[in-house]
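Everything on this sheet refers to the single structure shown next.
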Amino acid sequence: GYRGVPLAGYMPIRTEIDPLPAMAEAAAHGPVGVPVIVTEGAPLVFSRWEPECEMVEGPFGASVPAKGELFEPEILIVPLVGFDRQGGRLGYGGGFYDRTLEKLRAKRPTLAIGFAYGAQEAARLPLEVTDQPLDMLVTEAEVISFG
């Protein structure tokens, strides 16, 4: 199983599906973090998060833990705008997760799990060669494994 494996989620914004319950469960067994944007065009780094930890406004207005203890996750819960049944993910266009997954996967196997609503499914997404695939997708109705 994956219990205790370092995991990163995200602080939900807009209409994103809320990963906080899953993150809180994982935090009982191992390190959990949230992304921190260093600069545009750079991979994300991850700051250690725990339920009820103090959060402050970080770069680009994102909520980040006040402590700022960095670590490298091996599982990423990834936000998205759209997904397809081939493991394709459409993000917000910044390329942050693609760059981050490429960097992490160059070092060790890194699982990317998309969290989305079923209504965000597309027949086929226009993917670029730089787009990193999802390994799994969780919706309100099902869990889909790719590959």
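Residue numbering: from 1, along the chain as shown.
Cβ atoms here come from the backbone N, Cα and C positions, even for glycine.
Annotated substrate binding site per TrEMBL: M11, E16, in sequence order. The DSSP secondary structure for M11 (substrate binding site) is coil. Remark: M11 (substrate binding site) has L20, V34, M55, A62, S63 as non-local neighbours, by Cβ distance under 8 Å and separation of at least 6 in sequence.
The DSSP secondary structure for G93 (ATP binding site) is coil. Within its own chain, G93 (ATP binding site) has no residue 6 or more apart in sequence whose C-beta sits under 8 angstroms from its own. Taken from TrEMBL, the feature ATP binding site covers R89, L90, G91, Y92, G93, G94, G95, F96, Y97.
In sequence order, L80, V81, D98 are the same-chain residues whose CB sits within 8 A of the CB centroid of R89, L90, G91, Y92, G93, G94, G95, F96, Y97, the residues recorded for ATP being left out. Listed in sequence order, Y10, P79, F115 are the same-chain residues at least 6 apart in sequence whose CB falls under 8 Å from the CB of E16 (substrate binding site).
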